[in-house]
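*Asks:* Straight out of TrEMBL:
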type	residues	note
TRANSMEM	6-26	transmembrane segment
TRANSMEM	252-273	transmembrane segment
TRANSMEM	279-299	transmembrane segment
Amino acid sequence: MKCNVAFLWFISFLVILPLLAQKWVFSPLFFSTQRLRDMAADLVDDYNHLRYLEAEKFFQNFGRADEEPSHEGESKDFAVVVITRKRFVCNEADEFDCEPHYLQQTLAALHRERKLVPAHSIPIIVCNVDSHWEGHLDFVEILKFFPIIMRYENKEDFIPSNKKQETSDYAFCLEEVWKRYQRFNYLIAFEDDAIVFDNFFHTINSILKYRIETRTARGEKHTNELRWCWMKLYFPEFWSGFGWDANRLWELFWIFVAGGMIGTILAFLAQMFKRSKIFVFWWACNGALYLLLLVFFMGRPTWLEIRRIHEFLMQVTTDSGCCSTVGVIYPMDEVPKIVGYLQSSICRRCSSGVDLAIRDYKDKFKMLGFLVQPNLARHIGLHSTVSADYKDPIQMLFYDFLSWR
């Protein structure tokens, strides 16, 4: 028996796992070859082009989406805003081919998910914050399909692309959507390079209903009176690994316990009639360590993807406010207060980025922010609107490389 267990450890951690880990970008066992580093950016562009072609096919069969949606029979109402700005310009003859076409992919994914909601009751608004909107060719392509908001219709002055301006533009879009759709319960704000995963609105509904809005006490459900200002739908995978954060330490602890329970069950099955306490303890320890190391070497971002099986397995924790506003849901009642803060002179970090600015709002008014994991949206933006730099392309391949996707 011990030889079999030793063989299992050997084949798992020295053969199978290292091979599988070459598809898990954030695994400690992932080996980035020079060839992969050289071709990673091209791979990202290739995958991006394939997604764009799918989005284009979708829009070819797309009816008008700018009609006022119906809300009858809906217990939850969402208004969605996608904030967009042109990415970059190259010197090719056809300028349209130089744009990454993130916007079409974002909107196609959102509309596909909206069609799964009864009566299509979710408005999707596109907010253009580009000073020369006619040069944003991706935006021009979708003008006839969605309601739009323009910040700078025909402004000739140069509008700088920096963190402070980004915060100002973000606040503008939130405010304009609030003015039009303040009767809704929630506002979901996306950057134009976010693709929602399958069953997005159903998952959001379940999380809000069972994890945020209500709590269970003595077997009964009660309305949760907590005041919160946002729930983030995306957190950078690179920062999602195991660490010394209390929530993630508890996660490791429960993985260890689950492994011990599995080992104990296997011990009882292996010795149905003659049970030794030492034998059971030995199996429990092996099971606990095996599962703990398995998850650790998978990498937490990969492990989190398994929890996508059902919304009740998803993790909802308090959020520090760091690192991203790729996708955020706001209670509609909080939107004017957040906008007022972002536009005020007391906003200390408005020049440091939207995420840090709204974090200041949360801290100042002692409110809660939440984070859902695994991510409910994927970030596809290799190219930034704020700088000419782009992100590590290997990290952008995470979802494309996952073996079960």
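Heads up, the Cβ atoms here are built off N, Cα and C, so glycines get one too.
These numbers come from a predicted model, not from an experiment.
Quick one: where do these features end up spatially?
*Replies:* With a threshold of 8 Å between CB atoms, the same-chain residues lying at least 6 positions outside the transmembrane segment (6-26) that come near it are 237-238, 240-241, 290, 293-294, 297-302, 394-395, 397-398, 401-403.
Counting residues 6+ beyond its ends, the transmembrane segment (252-273) has Cβ neighbours under 8 Å at 1, 242, 279-280, 282-292, 295-296 in the same chain.
Tertiary proximity for the transmembrane segment (279-299) is limited to same-chain residues at least six positions away from its ends with a CB under 8 Å from its CB atoms, namely 5, 8-9, 12-13, 17, 21, 24-30, 241-242, 252, 255-264, 266-268, 270-271.
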